[in-house]
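Among the features that Swiss-Prot reports, domain 'Peptidase A1' is placed at 41-404. The N-linked glycosylation site annotation in Swiss-Prot covers 99, 169, 245, 259, 298, 304. Annotated signal peptide per Swiss-Prot: 1-25, in sequence order, evidence recorded as sequence analysis.
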């Protein structure tokens, strides 16, 4: 297990950069924090020259990252991209109008769905290696979009932009891969509370070294949605989000009878299942949600559980005193997300299916799945709470998604990934 990362003051006194070669294989690490108010996640990186710690909203989508570029943005290494250059023309959506000579982009907030027009920028970004040296590795030509403070609405209060972890060639993982000639793959481990940090691991397909005990991943194919769900639609592109081939849902081993046609992404981009950190809880289309809740409540009777008054946004809650605590959370029916084969499933235990609500004299455990209505594009959106303390790998070279069930089964947590010094230094 690598030691905790050195403090920022040590980085400022003497920053050691690796001399990169085409065979560079040391993974890079970035801490992930959870925000109590929004229930969203931020990824910490070093940005600018001199390097400055910066927190960005973690998003499993978007074609490019974006950063607040107000009057306080100063960097000796930043430079704009001219219009009508091969680089500018390669972006999925750009604008070179209003007599501007600078390439402009349309950064988007995935939570509020706000967007705006702002200039593209190139600057330095750095992340530490996940080894004994914790050396900073410099990406000197990191491409992103500028944005104004308006676009930060709805994100964590300390977020200064968005880190795109989507399928795009200009996402953060893709630019790291291109710069270091490393595998186009990254691993996520989201923390379950704001008291701890998780981590993102870049430039490596390995995961066995992350924890003291061996943790195996189960894999399923990533599905390409042919139509992106973006605000700006003048140049339609495939989605940068991650869709998986979910074929059924089981509760306590019993399948729900879902209309299978809506579980497949069609040519207009509707249907299917995606993984999202823009949603705090898993969102189910109304017909699926009703089946899900009915079956869960029925199966809960075997645990001697009786529903009580629900707390928004949840539809089913139980008195906290009625649930038995286990090492994987409250004892409730298991939820299995079944993939391309019956023996390939993502099992969700109580720690990820239930949410504790204790406030105003109320103390309940609520089912952490919400009704998404009937008009959504994607009938199943797996949200952040269901992902916490699970190890996930997004391997674009092999077009596959690797996952575990809760790490608590292995007496492990995402906070074991020892990046607390980095995170504490930039809060």
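Every residue, even glycine, has its Cβ placed from backbone N, Cα and C.
Confidence for the domain 'Peptidase A1' (41-404), expressed as mean pLDDT, is 94. Comparing Cα positions, residue 304 (N-linked glycosylation site) lies closest to 298 out of the glycosylation sites 169, 259, 298. Comparing CA positions across the glycosylation sites 169, 259, 298, the one lying closest to residue 245 (N-linked glycosylation site) turns out to be 259.
Annotation note: residue 298 (N-linked glycosylation site) sits in a helical segment as assigned by DSSP. Rounded to a whole number, the distance between the Cα atoms of residue 298 (N-linked glycosylation site) and residue 259 (N-linked glycosylation site) is 21 Å. Here the glycosylation sites are 169, 245, 298, 304; the one with the fewest Cβ atoms within 10 Å of its Cβ is 304.
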